[in-house]
Every structure is written in C-alpha cells, then in structure tokens.
C-alpha cells in the first residue's frame, strides 16, 4: 500500500480538521437560520445568540425529521440509479501515482437532464411541490451534517478493510487519514465510483436542484419571480450545465485525481456544496430585488461571459492533452514544455505543460472567471447584507489555497521542469498581480 502524503504540515492539517469538525456544521445551520429566519442579517443572529447563549443556538438547530431523511434518501437513490443505469461512453481518467488508470462512464449530462426534467415534472403535475424542500431546508441540512459524518466513517473503515485499488494507504495517523481519506478511487463493486457520486451526482446536482427550488418557492410565495432571482437561477444553472458538459474533464482535476476520499472532500461535497454554494439564492427567496431589465441583462451577460471563459480555459487544456499538443491554441500552434516524471512504481512518464492561450496568462487563470461568475450570480442581491457574499469570499480563499497546493504538488512531481514552467508563466492566478 502507498503511504498518504499530507499536503499541508501536520499542524495545519490538525487545525483544518478540527476547524471543519467543530466550526463548519454549526456554520451551515447559522447560515440557513440567518438567511431564512433572520432577514439575512448577521447582526440579528449575533444579537439573538448574545441574548440566549448556547441554549439559544441549540434551540435554532433543527432536528433531522422523517421527511428530511426521506427527501435525502429518495434523491440519493435516484442519483445513484442514474449514475449506474444511464448509458454513457467509457472515459479513462489520468494515470494514478500507483500506475492505475480509472475508467468512468460519462453520463453526467443525461443524469442532469433527467434530474431537472423529473423535478420540474413532479412540480408541474402536482405530484411533489419543491416548496416542501425549502420549508424543510434546516432539517435537511441537519440530517446531511450527521449522515455525511457517518458516511465518512464508512469510507475510513472501507479504506482500511477493503480498498478498491492500490491507490490507497495510511499515513499512520488516524486524524489525518480520516480528514484527507485513505482511498483515491473508492468504489462499491466494480462500477459505482464513490467520488463521482459525492462530488458530481449528489453535490453538484443538488446545486441545480436547490437553485430551482428557491426560484419555485419565490413564485409560490409571491405569485411571480423577481428579475434578481431569475438572473441568479439562470447563471447558477448555466454554471452547473457547464460543469456536467465538462464532467469528464473534471475527473482529471485535483478533486478526483489527487485528493483522496475523506472528510475534506466528501463531507464538503455532501453538505457544504448544497448549503453554502446555493446560499445567494436562499437569501433571494425572501428578499426579492427589482433590478430592472437593463441592469439584469448586464449582470446576466457578464456572468455568462465569465462562465464561458472558465469553460474555454478547461476546454483549451483538455484539447491540448487529447491531441498531445497537436492542436491550435488561439489560432496558432501551442507553446509547451515537455516534462518527464517518475511514478511511485518507478516508471518514467511524459507530460506536456501548456504555456500559451489562457494558460500563458497565469498558471491557474481559470480561477479568475470562476470567482467572477460567483460574484455575478450573487450581485443581484445588491449590498444590503454581507452574508450573501460569503460564498464568493470562501471560493476565493479555497481557489487560492488550491492553486498553492497544486503548485507544490507539481513542483514535487516535475522538479526542474516545473521551475522552467514557472519562469515562463510567472503568475499563479491573477496576471500581473499574483
């Protein structure tokens, strides 16, 4: 078994682990409570907690209910069935450190279309009202917090007792193993990939489902949908559509190909994505803003442009990899660095590092339009409250940290070639600044 390498120092890992365990679950509940019951005002929630103390916080934490568990179970079972049963072409992931190459079934777009059509049809024909999801949102988030923790314990036990591949191993430290995970590609049986389920089919799919839920709830409540909510919902749906269109490319990213299946990535996708990533829409349900046609269209256009640039960055690199550098980048032959590296099994492999197009501007330029897109689907809320912008701030911190982790990993993997690459592409994220 390969040993787990910690990305950060043990001290930072312990701090992150303890922070996630102790601060993130209550934060999810406080975010929901503030958005839904405290008018989006951090001050109002703070005053309440100051007045009522710990007992006040215990009182606002919803208890998981039978209906919450039923909604989660039906949704999870439906997405798992689609992942297993819908047809899709076979796609190979990148070669792992142990020399393994995972094979996936690329049916994300089909699962996405079936999910949204089913959800809207259930509402349209009066079978299930999405407002029920919004009305039980606190209980659902509460159930997800506890259920996902149990799921992460299952992953920890599975990693020790029944790993799915040789890309698995222990650091010898229980906390680090639980936090970062033991397995790179855990599967149930041969075909059910756990990370594809947690990250893509549960986490990202729930983003689209909840975006629609908030829109429908506002319509049911007010008899109309404000243009601010429409802009928010459209941009979120465009972004998630882009994600599933590009899902096979996502399987080459750090989340899938480098981060193991532990608390950090799996709890995050099962709980943090549905609650925090959708929070601007959650706020807009009870705070409709009338932007006016012109401003709404400007924001919509800027958001769609940002999502397109983000997509085009990934498409450019994917095409470059697919053709082994024999393609055009911005109308000309790409400039590149041919880098060799050695796998843990001692094999020498070759990688091409793209140094032109979007990837010539900075090493992680694709994060710039991603952060801008998040800003544009949040800005319809205007600036009465700070909390709707929490996701934008969190995303910025997350992506800057991810860029550093990716740079550190590539430096250790490619050595002198990475140094050469950094000399050619000097900036990490923001061209000319950082």
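Glycine is no exception: its Cβ is also placed from the backbone N, Cα and C atoms.
Annotated features, as they stand in TrEMBL:
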type	residues	note
TRANSMEM	12-33	transmembrane segment
TRANSMEM	106-125	transmembrane segment
TRANSMEM	137-157	transmembrane segment
TRANSMEM	196-216	transmembrane segment
TRANSMEM	228-246	transmembrane segment
TRANSMEM	261-279	transmembrane segment
TRANSMEM	291-311	transmembrane segment
TRANSMEM	371-400	transmembrane segment
Checking distant contacts: for the transmembrane segment (196-216), what same-chain residues at least six beyond its ends satisfy Cβ-Cβ under 8 A?
75-76, 79-80, 82-83, 104, 108, 111-112, 115-116, 119-120, 123, 129-131, 133-134, 225, 229-230, 232-233, 236-237, 240-241, 243-244, 247, 250-251, 255-256, 261, 265-266, 268-270, 273-274, 277-278, 281-282, 284-285
Counting CB pairs under 8 Å, which listed stretch among 228-246, 261-279, 371-400 touches the transmembrane segment (291-311) the most?
228-246
Same chain, outside the transmembrane segment (228-246) by at least 6, Cβ under 8 Å from its Cβ: which residues?
108-109, 111-112, 200, 204-205, 207-208, 211-212, 214-215, 218, 278, 280-281, 284-285, 288-291, 296, 299-300, 303-304, 307, 310-311, 314-315, 318, 373, 376-378, 380-382
Same chain only, please: residues at least 6 beyond the ends of the transmembrane segment (261-279) with a C-beta under 8 Å from a C-beta of the stretch. Say none if there are none.
16-17, 20-21, 24-25, 28, 31-32, 35, 141, 144-145, 147-149, 151-152, 155-156, 159, 177-186, 194-195, 198-199, 202-204, 206-207, 210-211, 214, 236, 255, 387-388, 390-391, 394
Tertiary contacts of the transmembrane segment (137-157) (same chain, 6+ residues out, Cβ under 8 Å):
25, 28-29, 32-33, 36, 61-65, 67-69, 71-72, 177-178, 181-183, 186, 194, 261-263, 266-267, 270-271, 274-275, 282
What parts of the chain pack near the transmembrane segment (12-33), using Cβ distances under 8 Å and only residues at least 6 beyond its ends?
6, 45, 57, 60-62, 137-138, 141-142, 145, 175-176, 178-180, 263-264, 267, 271-272, 275-276, 279, 282, 387, 390
For the transmembrane segment (106-125), sequence-distant contacts whose Cβ falls under 8 Å of one of its Cβ atoms, 6 or more beyond its ends:
78-79, 82-83, 86-91, 200-201, 205, 208-209, 212, 216, 240-241, 244-245, 247-248
